[in-house]
Every structure is written in structure tokens, then in C-alpha cells.
Amino acid sequence: MPQSRTHSRTATKHIFVSGGVASSLGKGLTASSLGQLLTARGMRVTMQKLDPYLNVDPGTMNPFQHGEVFVTEDGAETDLDVGHYERFLDRDLSGQANVTTGQVYSTVIAKERRGEYLGDTVQVIPHITDEIKSRILAMSGPDLQGHRPDVVITEIGGTVGDIESQPFLEAARQVRHDVGRDNVFFLHVSLVPYLAPSGELKTKPTQHSVAALRNIGIQPDALILRCDREVPPALKNKIALMCDVDVDGCISTPDAPSIYDIPKVLHSEGLDAYVVRQLGLPFRDVDWTVWGNLLERVHQPRETVRIALVGKYVDLPDAYLSVTEALRAGGFANRSKVEISWVPSDACETEAGAQAALGDVDGVLIPGGFGIRGIEGKLGAIRYARHRKTPLLGLCLGLQCVVIEAARSVGLDDANSAEFEPETTHPVISTMADQEDVIAGEADLGGTMRLGAYPAVLAKGSVVARAYGSEEVSERHRHRYEVNNAYRDRIAKSGLRFSGTSPDGHLVEFVEYPADQHPFFVATQAHPELKSRPTRPHPLFAAFVDAALRHKLEERLPVDVHGEERAAADDEIAESADRDEVASVDSAG
């Protein structure tokens with residue numbers, strides 16, 4: 001007879017989050033919020049996303065299909081949910097946090113070619129599922145600081161019933177068998193639709209979703225009941241009975257006013273306490289000090305500021321998810337609500353178009369992107385912000401567009417990027433040397449950009465150095481093109497200052513117009529939005545929103561000859577910022 005296994009109750013616990021009925025129910029936010037609650041109870045939590053698509057990573061996927069690509073410190077291109085994980089846990093994750101079917105199959109096929117399966121017939125079970133399990137269990141190993149997590153939360157992408165998700169669900173089922181049932185918790189997110197004609201909430205879709213999960217061999221321990229309203233106790237009892245789940249494990253999650261309210265919603269329903277009891281974790285009260293301060297700033301802003309996001313993919317806001325969350329966090333730092341005006345970059349190609357799109361905003365943000373479409377509109381928005389003294393922040397492609405606009409302003413009329421016009425006579429933005437084979441089609445496109453965290457040195461006394469409070473910083477990157485150093489001196493005649501470079505001085509990382517020329521005009525080749533946290537806003541975004549507030553208040557309170565109204569504006573800004581209450585941000589953001 002096979003020997004029975006013994007499992008330690010002190011082992012790392014695994015929580016699997018699956019979804020049913022429909023996609024886009026908020027599995028990622030649910031998982032992130034539960035992670036935040038467990039972290040607030042004093043536990044060390046890490047998270048992982050299993051994506052069932054065949055792409056190796058989302059790096060080459062259309063932003064309109066996938067949304068943004070979130071880059072980790074170690075340079076992995078990952079799903080946007082990993083950004084939620086980092087923001088809610090307030091910790092950096094690695095490339096291990098995102099596993100795709102493409103990665104799994106690539107690894108298994110490579111092992112087969114090397115003969116590692118000793119002549120076995122390679123199959124989905126056990127070879128694919130074993131590879132998935134190894135990646136799940138690897139998350140319970142020590143992190144860079146040598147600490148093992150108390151809890152690993154793994155979100156399984158897709159919907160129960162999808163063909164693509166079946167190997168991942170089977171692997172999760174096997175993990176429960178391998179590490180012990182007491183060490184695994186299955187949380188299933190399901191839709192409870194409301195039918196307006198009959199005025200009823202319907203439980204049948206959830207029942208069918210759980211039945212499909214059971215057919216795979218997984219009995220959920222708790223259910224997240226997604227609805228646009230509270231699920232009444234009678235329906236909770238019915239769902240608990242029909243799905244064989246404790247009533248305490250049936251969690252009603254109506255739509256919340258803010259994503260940062262979701263931890264409070266889950267806590268009020270008792271989910272975190274239920275998980276702690278079921279897994280035998282140490283029971284500590286939730287420390288709401290940090291998150292409660294955040295919610296106060298979310299719901300009690302003292303000012304409102306309007307920021308134009310001038311982008312190419314504005315029809316799908318998820319394409320700029322980290323940017324919008326970083327803007328909102330910059331607002332939290334200044335006790336302000338940030339309203340985002342989504343501006344298609346094409347709308348700003350003409351001066352009249354830029355005036356119509358940007359005339360009523362307090363700041364302009366130029367985000368990253370690829371390709372020539374909409375570039376002239378971005379240049380028009382930059383020109384408008386420069387002439388009108390409207391605060392501007394450029395990110396990645398935003399820096400490249402700022403440099404092109406500055407070059408054209410000093411007589412290099414056909415200045416352009418080698419990306420948009422390879423034959424331009426003035427390639428002020430050029431292809432990085434190690435990217436030329438990729439551009440020529442002689443190397444892989446995916447996973448070959450300049451990716452991950454890189455250091456930069458900032459000029460003493462510069463706007464960016466003052467914003468960071470340091471002259472040495474580190475930011476994450478994702479690009480193939482750089483400022484052409486042959487044009488630095490000529491571009492500098494426009495007044496644009498190259499205020500931050502790589503430590504060797506070769507790569508331009510930050511540009512700006514000095515404070516005596518413009519109230520705030522900064523651009524970076526990096527993606528600082530990826531390091532922003534709601535509880536620790538990134539200093540560049542905090543400074544940008546602060547400048548936008550000043551711009552707004554100066555419009556409201558014009559300067560008189562004695563400067564009295566300027567002083568009044570400064571007092572109002574100082575009160576609204578209230579920076580002493582914001583957690584300090586280190587030089588790395």
C-alpha cells in the first residue's frame with residue numbers, strides 16, 4: 001500500500017484564485033486585496049499570475065488586446081495584474097510572478113530536445129502540469145533577502161471551462177495533494193447577475209461554475225460573489241448549500257467606489273479572518289494605519305486637478321494602467337483628486353486642436369508607446385505646454401518627443417526619430433547599438449529591449465534632483481531607442497537641459513527646462529509609474545501634480561503688484577500638500 005503523506009501546518013500556505021461565468025470580474029484586484037489584508041496582519045505575502053495564453057510574455061501583444069505591459073525590477077515583461085500585486089503589497093516582485101503557457105511549453109520542449117525525459121512520451125499530464133507545479137512551488141522559496149513567504153497567492157487567469165486553463169487548474173489541484181490540504185485554499189470569483197425585468201439576483205451561473213470546477217477535482221473553500229449590489233443572506237445560504245461552501249465563505253462584493261476600498265469590503269465580509277482560520281495562520285488584528293490613511297486621502301481630497309493624458313491607446317485605459325494609478329497616487333500625496341482627461345494624440349496636431357484639447361487642463365502627461373501614429377499630435381501637445389507654461393511630464397516615448405520638439409525649435413526642422421523616419425537627415429533619436437539587429441529583423445523581437453532597473457545620475461540643483469531628493473536614482477526601463485549624443489549641444493541651445501544620464505554619461509535618462517524657464521517641464525526615458533505605490537507615491541508624479549496644482553491656483557489667483565495673492569496661493573498649496581503626513585520615498589522611488 002502507498003504510504004500516507006504527512007504535511008507541516010507551518011509550511012508556506014498556497015491560495016489559488018480562479019474565476020467563473022465571465023472574465024473581467026476582478027480576480028486580480030480580489031487577490032491583491034486579500035494579499036494586502038494578510039500583509040496588514042503581519043504576514044509575508046507574495047503573489048503570482050498564471051496566464052493561459054501561448055505567448056511567452058505580453059511584450060509583443062497589442063495594447064488594445066492586452067492592456068499595459070508591466071516591467072519588473074529584473075526586466076520581465078509581465079501581465080498588468082502584477083502591477084496591482086506590487087501596488088497593494090507594496091513590494092517588488094520578480095519575473096517568477098508571471099507564468100504563461102508559452103513559457104511552460106517552451107521549457108518542456110527544450111527539455112525534451114535535451115533528452116531530459118529519458119525517452120518518455122511527453123504529455124500534458126504529467127510533463128506540462130509538473131512544469132507548472134514547479135513554477136508555483138518555486139514561489140515559496142526564499143526571496144532576495146532570504147525570507148520565505150508565509151503565503152503565496154496564485155491567480156489563475158481565464159475562466160473555468162476554458163480549454164486553455166485546464167492544465168493550470170489541474171496543476172493547482174495536484175499542489176493541494178502534494179503540500180497537504182491544510183496548506184491550500186481555493187477561492188473562486190463568480191458573477192451573480194441581476195436581472196432588471198424580474199428584479200432578481202440569479203445564483204444558477206455560480207452553481208454551474210462551481211460544478212465545472214468540481215469536475216476538475218477542485219472544491220472551492222470560499223466564493224467571491226460579484227454583483228452590482230449586496231447579495232442578501234438568503235441567497236448566500238442558498239449558494240452555500242448548493243455549492244457545499246460554508247456560509248462564512250460566501251463573500252458578497254458589490255462594486256466599490258474605489259479599488260482601494262476593496263480590502264475594506266473583503267474585511268467587512270470576514271474573508272481574511274476565514275482564510276486565516278482555515279489555513280491555521282497566526283491570528284493578528286489588521287493594522288489599518290497605512291491603508292486607513294490612504295483611504296482618507298482617496299475620499300477626502302482638498303483640491304481637484306485636471307491632467308490630460310495625451311496617448312495613442314486612450315480607447316483602452318488599461319493600456320496606461322500604471323500611469324493612471326501613479327497620477328492618482330501623486331494626487332494622494334497632495335491631498336488632491338486627479339481627474340484624467342483622455343486625449344487622443346491625433347487631436348493635438350494643430351495649434352487649434354491642442355488649444356481645444358488642452359485649454360482647460362492643469363497639466364499634460366505624454367506616456368510611452370511605439371510606432372509613428374499620433375507622434376505629430378504628441379509634439380503639438382508638447383509645444384502647447386511649453387508655450388503656455390503648462391506643467392508637463394513625459395515618459396519614455398514622451399522624452400523622445402520632447403527632444404524632437406526641442407530640436408525642431410532650434411532650426412532642425414526635419415528632426416525625428418529613427419523609429420519613425422529611418423532616413424531622416426537629423427536622427428536626434430537613434431537606435432541603441434545593441435538593438436540594431438532586432439530592428440533589421442535579424443534577432444527576436446520579444447524580450448530584447450532594454451528592460452528592467454537601471455541607475456541614473458542627476459545634475460545637482462536640477463528640477464528632477466529636487467523632486468527625488470537625491471542625485472542618484474534607479475528606474476525601470478522598456479525601450480530600443482535613445483537620444484543621439486551627436487545632437488546634444490545643438491538641442492541644448494533650445495534651453496532644454498539634459499539633467500540625468502546613465503552613470504557613464506552616455507545615455508540620456510532625464511531632460512527638463514530649468515525652473516526659471518518653465519514651472520515644471522520634465523521627461524524621463526524610464527517608466528517611473530511602475531514603481532509608484534498608492535501608499536508611497538513616486539516623487540516625480542507627486543512633484544508633477546504639485547506643479548499642476550500651483551498652475552491651477554495661479555490661474556485662480558493672479559499675481560498682484562505686491563505679491564499678496566501669490567502668497568495666498570502658496571499658503572493654499574502648502575495646506576493642500578500636507579506632505580508631512582506622506583510616507584517618505586527613497587531615491588529609488
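Sequential numbering from 1, following the chain as shown.
Every residue, even glycine, has its Cβ placed from backbone N, Cα and C.
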Given that Swiss-Prot annotates SER24, LEU25, GLY26, LYS27, GLY28, LEU29 as ATP-binding, name the residue from ASP57, ASP74, ASP79, ASP81 that shares the site. ASP81
So which range, 366-393, 506-533, 562-589, gets flagged region 'Disordered' in Swiss-Prot? 562-589
For the L-glutamine site that Swiss-Prot assigns to GLY369, LEU397, GLY398, LEU399, GLN400, GLU419, which of the candidates ARG302, ARG306, ARG480 is also assigned? ARG480
Mean pLDDT over the region 'Amidoligase domain' (1-281): what is the value? 92
Whole-number Å distance separating the Cα atoms of GLN400 (L-glutamine binding site) and ASP81 (ATP binding site) is 28
If you draw a 10 Å sphere on the Cβ of GLU155 (Mg(2+) binding site), how many other Cβ atoms land inside? 27
Of the recorded positions listed as ILE163, LEU399, GLU419, ARG480, HIS527, the one whose CA lies nearest the CA of PRO205 (UTP binding site): ILE163
DSSP-derived structure type at LEU397 (L-glutamine binding site), helix or strand or else coil: helix
Students should find that the Cα atoms of LYS204 (CTP binding site) and LEU25 (ATP binding site) sit apart, in Å rounded to an integer, by 17
Of all the binding-site residues given, namely SER24, LEU29, ASP81, GLU155, ILE163, which is spatially nearest to GLY369 (L-glutamine binding site) at the Cα level? ASP81
Which has the fewest other CB atoms in a 10 Å radius around its CB: LYS27, LYS202, LYS204, LYS238, ARG480, the listed binding-site residues? LYS204
